[in-house]
Amino acid sequence: MFHVKHRHFDVIVVGGGHAGVEAADAACRAGARTALVTLRKDDLGVMSCNPAIGGLGKGHLVREIDAMGGVMGCAADASGIQYRLLNRKKGAAVQGPRTQSDRALYKSAIQDHMRNVTELTVIEGEVADVIVESETVCGVSFTDGQSISARSVVLTTGTFLRGVIHIGHETRSGGRFGANRAIKLAERLSAMNLPVGRLKTGTPPRLAAKSINWEALDHQPSDDDPTFFSFLTKRVRARQIACGITHTNPHTHDIIEQNLGRSAMYGGNIDSVGPRYCPSIEDKVVRFADKVSHQIFLEPEGLTSETVYPNGISTSLPIDVQLDYVHSIKGLEHADILQPGYAIEYDYIDPTCLNNRLELQDHPGLFLAGQINGTTGYEEAAAQGLVAGLNAAFHAQDRDPLTFSRRESYIGVLVDDLVTRGVSEPYRMFTSRAEYRLSLRADNADQRLTPIAADLDLLTEERTSEFTAKMERLSRGYDILNDLVVTSKQAAAAGMSVNADGKKRTGAELLAFPSVELSDIAQLEPAVGQIDPATAKQLKIEAIYAVYIERQNQDAFALKRDEAKSIPADFPYSSVVGLSNELRMKLIKTRPSTLAQASRIDGMTPAALALILTKIRQTQRLSA
């Protein structure tokens, strides 16, 4: 039994994972009296899989969540023990901030934050039913018979709906290792005639740190100049560490191949589809048989933790085989397994039954966020939680809904992909999914989204003040640069490599040349030297991308204009250079008749559509 002061809320959030935390926080910031229902209060902020936040595409989502005043970015920075900027050698648009997190510190940061959220009541219990009257949601009931009411309900059930854990041929019920699954709620959703499917994900065995031969391994240190997730973070909060790097080898692969029949997936126990971009070690050995090794990152789970997460060897093989293949790997010859790897199957709802507010079209007031919508990853879940939580609050308050467009955010790309295309496998965010990715950079997430959050009164005074100060610094920087006008001859005399065309250029236009830095321009205008490093970096990025963004917008418009273009029945997809094997196989199988049909294929990206369009035009020119 549980006891609460109030039985009526504006919003009820079911589930306390990354989506649930973000949804509850967002609803409260929007002024809604909110109940967060979770099986165990102590599990708020638990990282069920790998102890890391961010990555390619994912890091953009975290920065956008933070720009909207969300929780994840600050928690990631409070617990970050190894910062890495992925794709560092590439342009800012496709760089991905990532941090290794201390599990305990992350959980503590989340719980500390949630304890101080006004209008929030956290309830321990298991929801058995969503109460619906005349197709409209009005609350939830619990397995003990009690109920609470609300105009909006957000379901963020993760992998708990009819969750089944597989370790070899052994199966057990569970929402994750050591946690019960949700059966009654899953049955209720099925009874509502929602389009329910099954997906799977997996996790590797956890290893004892003291049993690893660290001296035999390569090491990957943290970046010297970390890229933080929150725009409020000014310094590293935790001691930084290195991760170990090792590799599988032919002997490892032999052990796995010889025992494929004992794998839950290859032994026939699992029919559902797993994440393509996070395959199990069995999948890697089978699908990439030509590879003699696969990289493994040995990620400490915390500064004081004795557990190591071997990223790259998730599995559903039995424990004895896991031990054998782990011991075949350099540095892990005597490693102890603290928790076996496993696969988990769970129910999800086809997200095409949702609108772009993540609300069920046929059940006003019922919102879904996270893995229940067919996604994978903490970041994707948190982003959906933000969208669902805000819109659940606005629904309860009879306010206008908030939608995110593809043009302004990765959050918009994520939601649009889910509700228009659906999923056939767990969905993961990549920069290639965004046609406007040159302008949707991690560095400018606040410039794109914080004004929206400010208009909705979702921000703290600290965040509003920080953003205002940043924009004032940028404005002053642009004023200084635009007031400076020089000829190409003057620029060359100052050592700048620009076109010798006699054209006069502003300082901002000079900065667009890749080889020109603000320090070069400062030779002509001393005031430029007074611009702080963070502002200088932002000005440089924006100057570099200005021309490319205009071209990107033209390409996106052209792609939209040509959606009706026919694709020949015998179109040679195999000869389209740059097309991923995944999409090539899907296109050959489905043979879409127009670009519009091709765009609706699960996993299709704007970049891939552009490649197909270019090939169509090339083929037409050759046959003319």
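Cβ coordinates come from backbone N, Cα and C, glycine included.
Look at Swiss-Prot and you will find G15, G16, G17, H18, A19, G20 tagged as FAD binding site. Look at Swiss-Prot and you will find 274-288 tagged as NAD(+) binding site.
Taking the features listed in Swiss-Prot, we show where each one sits on the structure.
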| residue | record | CB count, 10 Å |
| --- | --- | --- |
| G15 | FAD binding site | 30 |
| G17 | FAD binding site | 29 |
| H18 | FAD binding site | 32 |
| A19 | FAD binding site | 34 |
| G274 | NAD(+) binding site | 22 |
| S280 | NAD(+) binding site | 27 |
| E282 | NAD(+) binding site | 27 |
| K284 | NAD(+) binding site | 18 |
| V286 | NAD(+) binding site | 17 |
| F288 | NAD(+) binding site | 12 |
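When Cα-Cα distances from S280 (NAD(+) binding site) are compared across the binding-site residues G15, G16, G17, G20, the shortest belongs to G17. Excluding G15, G16, G17, H18, A19, G20 themselves, the residues of that chain whose CB lies within 8 A of the CB mean position for the FAD site are, in sequence, V13, V21, E22, A23, T38, T156, G158, A369, G370, A381, G385. Contacts of G16 (FAD binding site) defined by a Cβ separation under 8 A and a same-chain sequence distance of 6+ are given as L36, V37, T38, L39, R40, K41, D43, L44, V122, T156, in order along the sequence. Looking only at the binding-site residues G20, R276, C278, the densest Cβ neighbourhood within 10 Å occurs at G20.
On a Cα basis, G20 (FAD binding site) lies 32 Å away from K284 (NAD(+) binding site). Reduced to three states, the DSSP call for G16 (FAD binding site) is coil. Recorded residues F288 (NAD(+) binding site) and H18 (FAD binding site) have their alpha carbons 33 Å apart, per Cα-Cα distance. With respect to their backbone Cα atoms, G17 (FAD binding site) and E282 (NAD(+) binding site) stand 28 Å from each other.
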